[in-house]
Number of protein chains: 4
Amino acid sequence: MTEPIRDRLVTVRRHLHRHPEPAWREFYTTARLVEEIRAIGVNELAVGPDAYDPADRMAVPSDDEIDFWLERARDRGADDALLERMSGGNTGAVAVLERGDGPAIGLRVDIDGLFVEEATGDGHVPDAEGFRSEIEGTMHACGHDVHMTWGLAVLEAIAESDFAGRLVVFFQPAEEVGGGGCPMARSRFVDDLDYLLAVHVGLDHPSGEVVAGIEKPLAMCHVDVTIEGTSAHAGKSPNEGDNAMHAMGTAIENAYGIPRHADGMTRVNVGRAEAGTASNVIAERAHLEAEARGETTELMEYVKGRLERVVRSAARMHGCDAVFDVISESPRADSDPELVDVVVDVATGLHGTDRVVPTADFGASEDATFLMNRVQESGGLASYLIVGTDHPTSHHTPTFDVDEDALDHGVSVLVETIGELERRHPVSNAENAAEDG
Amino acid sequence: MTEPIRDRLVTVRRHLHRHPEPAWREFYTTARLVEEIRAIGVNELAVGPDAYDPADRMAVPSDDEIDFWLERARDRGADDALLERMSGGNTGAVAVLERGDGPAIGLRVDIDGLFVEEATGDGHVPDAEGFRSEIEGTMHACGHDVHMTWGLAVLEAIAESDFAGRLVVFFQPAEEVGGGGCPMARSRFVDDLDYLLAVHVGLDHPSGEVVAGIEKPLAMCHVDVTIEGTSAHAGKSPNEGDNAMHAMGTAIENAYGIPRHADGMTRVNVGRAEAGTASNVIAERAHLEAEARGETTELMEYVKGRLERVVRSAARMHGCDAVFDVISESPRADSDPELVDVVVDVATGLHGTDRVVPTADFGASEDATFLMNRVQESGGLASYLIVGTDHPTSHHTPTFDVDEDALDHGVSVLVETIGELERRHPVSNAENAAEDG
Amino acid sequence: MTEPIRDRLVTVRRHLHRHPEPAWREFYTTARLVEEIRAIGVNELAVGPDAYDPADRMAVPSDDEIDFWLERARDRGADDALLERMSGGNTGAVAVLERGDGPAIGLRVDIDGLFVEEATGDGHVPDAEGFRSEIEGTMHACGHDVHMTWGLAVLEAIAESDFAGRLVVFFQPAEEVGGGGCPMARSRFVDDLDYLLAVHVGLDHPSGEVVAGIEKPLAMCHVDVTIEGTSAHAGKSPNEGDNAMHAMGTAIENAYGIPRHADGMTRVNVGRAEAGTASNVIAERAHLEAEARGETTELMEYVKGRLERVVRSAARMHGCDAVFDVISESPRADSDPELVDVVVDVATGLHGTDRVVPTADFGASEDATFLMNRVQESGGLASYLIVGTDHPTSHHTPTFDVDEDALDHGVSVLVETIGELERRHPVSNAENAAEDG
Amino acid sequence: MTEPIRDRLVTVRRHLHRHPEPAWREFYTTARLVEEIRAIGVNELAVGPDAYDPADRMAVPSDDEIDFWLERARDRGADDALLERMSGGNTGAVAVLERGDGPAIGLRVDIDGLFVEEATGDGHVPDAEGFRSEIEGTMHACGHDVHMTWGLAVLEAIAESDFAGRLVVFFQPAEEVGGGGCPMARSRFVDDLDYLLAVHVGLDHPSGEVVAGIEKPLAMCHVDVTIEGTSAHAGKSPNEGDNAMHAMGTAIENAYGIPRHADGMTRVNVGRAEAGTASNVIAERAHLEAEARGETTELMEYVKGRLERVVRSAARMHGCDAVFDVISESPRADSDPELVDVVVDVATGLHGTDRVVPTADFGASEDATFLMNRVQESGGLASYLIVGTDHPTSHHTPTFDVDEDALDHGVSVLVETIGELERRHPVSNAENAAEDG
C-alpha cells in the first residue's frame, strides 16, 4: 500500500474492477478509496454526508436494497466505522489539498458500476486475466474503475508536487442514474472553484486520442413508472382484470415511437420492466424504468412529456392507473473554449498522445453537467475531457474493456493540465509577481 | 392434535391458509399434511418420490428457488427427515386406506398457493381475524387450503367408518402451473381406480350450491419465453442494440390479439414479464411466462401455435432470438354422467345444500384432467365437483376468501358420495348378495 | 320471363349473382326483384319508403356513394320510376299475398352484396361458367343471391297454391351492415305476424342438411371511428404533428386484444382502415370501420365499450381526438322450439334432405333478430333456418360459391313449412272446424 | 399575357396556387408554364419526354391516375397538343437561354402540389382573397407555386438582360415523391453546367432572410408496402383469416419505434395507409406508403433496412406476406462554400434582405440533390438557397401560406446571383481580357 499509486495503476484499476457496486451502494468502493486517500494524505477528506447534503440525492434505491449492499461490503471486509458513516446510502467522498495561493481546481470522477453481467471466456481480458467482476450481475462496464484510478493518482501526484493552490477531487457516486451530480454540485466544495475538470475514458475515441472538451452532453432524466390494475383469473374471467401487463406492452411500444424533433437529437429508452406474478393471473401491477434524453434541456423535457402522455394513455386504455415519477434529471452543459484551449496545448506532444481533438460530441448524458453549470455560473471555467482508449465493444455491454495504457496517459493529461492552469492563473501570477518584486 | 379434524375444520384451514407455498415448493404444507395423516392412521402414506416419478413432473422451478423454499419450511419448523425426502422439490403425498372388498375410489385435492400478495385491512377477513398469509407475496387465493382440509377430513371420516373398499387421497402439488397432475396420473395409485372424484370450492357458485360434475375444463399449457438481443448504450448508440424490451412489448401486444376461434372458447395470457437491467441500457434479454387455454385440446394447440408465431416474429422484428419452452400442458376431460347422477342424488337434500346443479362449465383449466382421463381410459368413472361458497372477489385476487360453512358441507358431500358409491358398486353388491345367500 | 321461377332457379340466381350491390345501394337488385314479383302477382308490393320508414335505417352511406350506385343501376337498365322511388338509398321491398283466413306468416330474405373482389379462374365456378360478378370489387359472397331466389320462388309457389292466410316476404336490404333489419322490424308488415321464418344458405352445413332453427345469433354493432390529429412535414418537424396514423396503429393493435369474457363468446374486428394522404406528411386523419359481437347483447355492449375506450385512449396518447359513431346494432334472438319442431317434421324425409339438425349455433350475427324479437314480443313464433350447401370456401371470401342443388331444396323446405303452419294453425283449424260443422 | 411577369408576380403565383396537381400529373401546370415561357422567348424549350428520359422517372402513379388528371387538365383548358406530348405522365419542362460566351448556369424549381386539403375561412388568406385551391384534396402546401413564379421571372429577367452565357431553368415535376430529380439530373441539360442553383421558399426562415446555401438535405426514400393475407368472416371464423389489418397495425407501431442512430438524424413516417373492405370481413390486404430519411445516405439506408424488417416480421406474425417496393430515393448533397460565398455577397444589402445566413440545416429532403451531385461530380459548383418568408403554419399543412413580398425578393436574389456568377466566371473573364487585349 506504500508503493506509489502511479506505479501500480493497473493493480488499483483491476482491484476496483472486481468490486463493482451500483448507484448509492458504492460502500466497498468508497471504503477502498478512503484507504488510498488517507495513505496519500490530504487536508480534508469528507465522506458521504460530510461531502454533500443527503437530501439533495436523486434516484436513491430502497432501504432494503441499500442494506443488502452495505452488508455485502461488510462481508468483503469494508471498514465498519466507514460503513456506519455511509449508512442510508450516503456513499462517495471528496478529497481536498490546500497548497497555498493559487487557483482552486476541481476534478470530478465517478465511481458507480452497472447492472450488466460481465462476459466470460478467454476473449474477455478481465476474465482471462482474473479480474472479472466478483459481484454477480454487476460490472464496471463504463470505465468508472479507470476514472477512480485517475482520481487517486492525480491526487497523489499533486500532493507530492510543489503545486500552489487548491485541488478538490470529487469521487462522485450514482452517475449512471443521474443521481449524484446534483448533491455534489450543491456542496460547499464547489463554492469557489476557478476551474472544473471532468473526465471520461473511451467513448469510441481510440488509445492516444484526447478530446479537450466535449460539446453537447445530452440533458437527461430517469423515470420510474408504476401501472396499477386489477388482477383476475386469466382462464376463468379475464374480463374482470384491468391488465397492467397489456398496458405495459402498449406503453413500451409507443414510448419508442415518440417522434423525432425538428430542433435536435432526442433519445428514449425503457431499460427495465417487470410485471405480473404468474402465467395464470391477469397482472395487477407493472413497473418500468425509463429515460428521456435531449440535445437541449428543452428537448429532454419534450421527450419526458410525451413519455408521460404515452404511459398515462396506455394505462387508461386498459383500465389502469399510472404513477409517473421523475427520479433524476441532469441539464446540458458545454465546455468553455478557453479551458479547452489549455487542454489542447497541454495534451499536444505529451507522451502517449497521438492526436488531440479540440471538441467532440458526447452523445450520451452525464450529471457532471450539474457541477459544470454551477462553476460556470460563478464565473469559473469548466471542461469535460475524454482520454481515448481502444475498447473492444461499446460501453454498457458485457464485453466492454479498456486498453490499460490509457491509465498513465490519463494521469499525465490531468496532472499537466492542472499544472498549466496553475501557471496561467491570473491571481497566482500576480502574487508570484509580487513575491518576485 | 388428537381432536377430530371434522371438529376443527376452521382451525386446520386457517393454519394452512397462513402458510401458502408455490408449486413444487409445498414443503411445509406437505409436512403438516403428513403429520395429520399419520394421526388419522392409514394403510399407506407415500410422500414425494414415493408418490410419483419425479421425472414426470412439469414446470419445476430452479434449484435455487426450491432450496430457498425448503429452507424457509425448515425455519418454520418442518420435519427434517420429511424435508430430506422431498429435496429437489418432490412435494405432495398420497394416502391409502384399504378396507376390504369394495370399490377403489380416488379423491384428488391440490395443495399449492399462488404468487398473489394477500390484501390487508379489516374488510379482508383473513387479516381481520389473524390468519392472513405469513409468506410475503404468496397466498392461498384459489381455495386449495379448503381442498386440503376436505381431503384430511374425508380421509378421517372414511377411516372411522365401516366403509369397505379402497380410498386413495391424492394431495397433489403444483396444480396452478399444471405441473403435478401428470405425474400423479401416471403413478401406480391410479392403476385400478373404479372412481375418481376431484373437487373445487367456489368458482362463482354460492354457498349451498353443489355442481355434481363440471363440463369443459379448458385444456391448457404454460409457456416460458426468453428473448435474447444485444445490449447497447441507450443514449450513445441505441441503434447498436437488438432491443429485447421492444420485442417483448410487441409480443405482449400481439399475444392478446390472437384471434378468437370458430370452434370454441380460447384464452391467452402473459402473466409475468421481466426485461432489461437499467434505464440507460438497451435490454439484452426479456423473459415472459404465458399460458394458452382452449375448450378442446386442439383449441389450446391453436393458441399455443399462434403464440409461438407471435413471439418468434416479434423477436425477429427487433433482431433478437426467441426460445419458446412449453413448461406444462393439461388436456381436457369431462365428468361422466353416471357419476354425476350419483352426486346429484347424494347432494340433494343433504344438510347445507340449497341447490344442486347437475353440470356447469368450469371455464378455467385444471390438471386433474390427467387423472380423470387415465381413470376413464381404464374403464372407470370420473367427476369433477364444485362445492359452492360465497366469495367476496374472484379467485386469484388479493381479496379472495371463502365462507367457512363450505368446509363442513364439502366434507358431507364427499363422504356421502363415497358411501353411496360403495353401496352401488356392482362388485360390492354382488359380494353382498353372495353373503346374503 | 313468363316461365315459372321454380323452373329457372339457376338462371335467376346467376343473374342476381352477376349484379351484386352493397348495403342501401341495391337499386338494380330491387328493380329486378320488383319485375319478378309483378309477374307473379301479389296483393301488395311496397318498395323502399313504402316498405319502411327511411328514418329507421342504420348504416346509411353518403349521398355521393348512393348516387354513384343509383347511376350505375340506371346504366345497367333499371327502371327510372323505380329508381326515383328509391332515391336517397331506400332500397328493398315487401310483397304481400292475402289469401283468406289463416295464419299470417313472414319470410325474410336479404339482398345485399359485399365489398369482396370475386375470384377468377377455372377453379371458381361463377367465373368458369360466366356468371362472375360484373361489378368490380363487389360480390355476392354470402349467398344472398340464393336467398332472393328462394324468396321469389316461395312467393310464386304460395301464390299458385290454395294456401289460406297471409304471406309476407321481406326482401331486406343492408343485412351485412346490420342496417336494414331494424326498419323492416318496425314496419306495419310485421304487426300481426303469427310466424316468422328467416333463412340462410350454407354456413358450413353441407348439401342436404337442414338446421331447423339456429340458436345464438350473436348480437352485433358496427362502428365508425374517425381520429383527428394535426398534419406536419414528416421530415422537417415530425414533432409538430399529432399523428393520426400512429394513433390508428395503436388502436388496431389494442382492439384485437380486448379480453375474452367469462360469460361467453365475443368478437371484435377492424375491417376497414384508411389514414393519411402522402408518405411525407404526418397523417392528420384516420378512419376505421369496426364491429363488436357477443353471444348476448350484454357481451356485445362489453366489447363495444372496451373498443371505445381503446380508440379514445389511443387518440389521446398521440394528441388526437376520436369520434366514435355506432352505425348499427342488432340484438340476439333465438328460435322458438315449437316452430323448430315443425321444421324438423317437415324437412325430415323431404326430397333433397339427407339430415335434419334441430338446432345449431349460428356463430355470426344477423339483423333478422330485430324481426324475430318483434314477432316474439307480440306472441308469435320465429325461427331462423339454415339450408345446407356444399361451399368450397368460407362465406365472405373471394372463392365462395354454392351447390345449386340447394336452390330447389330450400324452396321445398320453405313451401312445405308454410303449408304445415297453415294446417296446424289454431285459428285456421277452428275455422275449418266451423266450416265443417 | 404581354405584361412582364415581374410586374404581375402575385397574379402568376395565385393562378398557379389555384391549380395544384400532384407528382407526374402536373399537366395543367406545365401547359401554363409553357405558355409563359413561349411568351418570354427562349432558345430551346423541351417538354416532358424531350426534357428527360421517361424511363428514369421514379414514383410514377398508375395509368388510371395519370389519365384522370390529364382529363381534368383538358377540362380546365390545357392545350391538347401539349397534353398529348405529356401523355403517360411525362410532365415538366426545361427552358434554355443561349447568350454567347459565359458560364453555363442551371436554376432548378419544382412544380408539384400535395394531397393536402386546403383550409377554408377568413383566417386563411388564399380563401379570403379568392385563390384557394380549386382542386379538392390537393394543395400547393410547400410553396412550389412561388418557385415556379421565380423560375419564370428569372428567365424573363435574364432574357431581357445583356447576360452572356447559358441559363437553363429546370421546371421539375414530382419533387414531393422524390421522383423527378433523378431523370432531370441524367438529362443532357445538366451535362456542362458550371453552376447549379436550387431554391426554396420559407422553411421557417422569415421574410427578408436569405440562406446562401443549405447543408444536410436529408437522404430519403419512398416505399410502398403491400401486405397480403386471407379474408374470412369476422364473426363466424376469424381464426381462418390471415389478418392484413392486424399486421398493418403492428407494422405502423413498430416503424415509428425504429431506433435513433448514433451517427446522426433519421426520420421515418408512414404517411398513407389503407386496408380491408368491410367491418365484418377479416382484411385480406393492406397498403402502406412510407418514407425513410437520414442525415447521410447510409443513415437513410439503415432506416429503410429496419423498416423492411419491421414490415416483413409484422406480416409473418399474422400469417401474411409483404411486398416491399422502394419507389424512389434521393441522396444527400451539400452546398459548395465558394458558391455560398457568392450568394452571401450578393444577397447582403439587396433590397428586401434583412439578414443573410451563410448556411443552415435543411432538415427535410429534396431530390434536387441528384442535380447537385451530378454538377459537383463534373467539377461544377452547386448551392441550394432559401429565400425566407413569413408563413403562418408549417409546410405541408392545410393553412400554409407565404408572405408575397418574398416573390420579388427571391427574383432579385437569383437574378443578381446569376449576374455575379457571370462577372466572376474565369472563362468569361479570360475572354473579356482577350477581347480587351
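The backbone N, Cα and C atoms fix where each Cβ goes, glycine too.
Listed in TrEMBL for this protein:
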type	residues	note
BINDING	B:C142, B:H144, B:E176, B:H200, B:H396	Mn(2+) binding site
DOMAIN	B:221-315	domain 'Peptidase M20 dimerisation'
Number of other Cβ atoms within 10 Å of the Cβ of B:E176 (Mn(2+) binding site) across all protein chains: 26
C-beta crowding around B:H200 (Mn(2+) binding site), within 10 angstroms: 27
Protein Cβ atoms within 10 Å of B:H144 (Mn(2+) binding site), excluding its own: 27
Environment of B:C142, B:H144, B:E176, B:H200, B:H396, the listed Mn(2+) site - residues of the same chain whose CB lies within 8 A of the CB centroid: B:D110, B:D112, B:L114, B:H140, B:A141, B:G143, B:E175, B:H395
Interface-adjacent binding-site residues, chosen from B:E176, B:H200, B:H396 when a CB lies under 8 A of chain A: B:E176, B:H396
Cβ-Cβ distance under 8 Å to B:C142 (Mn(2+) binding site), same chain, at least six residues away: B:G113, B:L114, B:E176, B:H395, B:H396, B:F400
DSSP three-state assignment for B:H144 (Mn(2+) binding site): helix
Secondary structure tally of the domain 'Peptidase M20 dimerisation' (B:221-315) (DSSP, helix then strand then coil): 34 helix, 37 strand, 24 coil
CB contacts for B:H396 (Mn(2+) binding site) [other CB atoms within 10 A, all chains]: 30
B:H396 (Mn(2+) binding site): secondary structure state under DSSP, collapsed to three categories: coil
Local backbone state of B:E176 (Mn(2+) binding site), from DSSP in three classes: coil
Local confidence of the domain 'Peptidase M20 dimerisation' (B:221-315) - pLDDT mean: 96
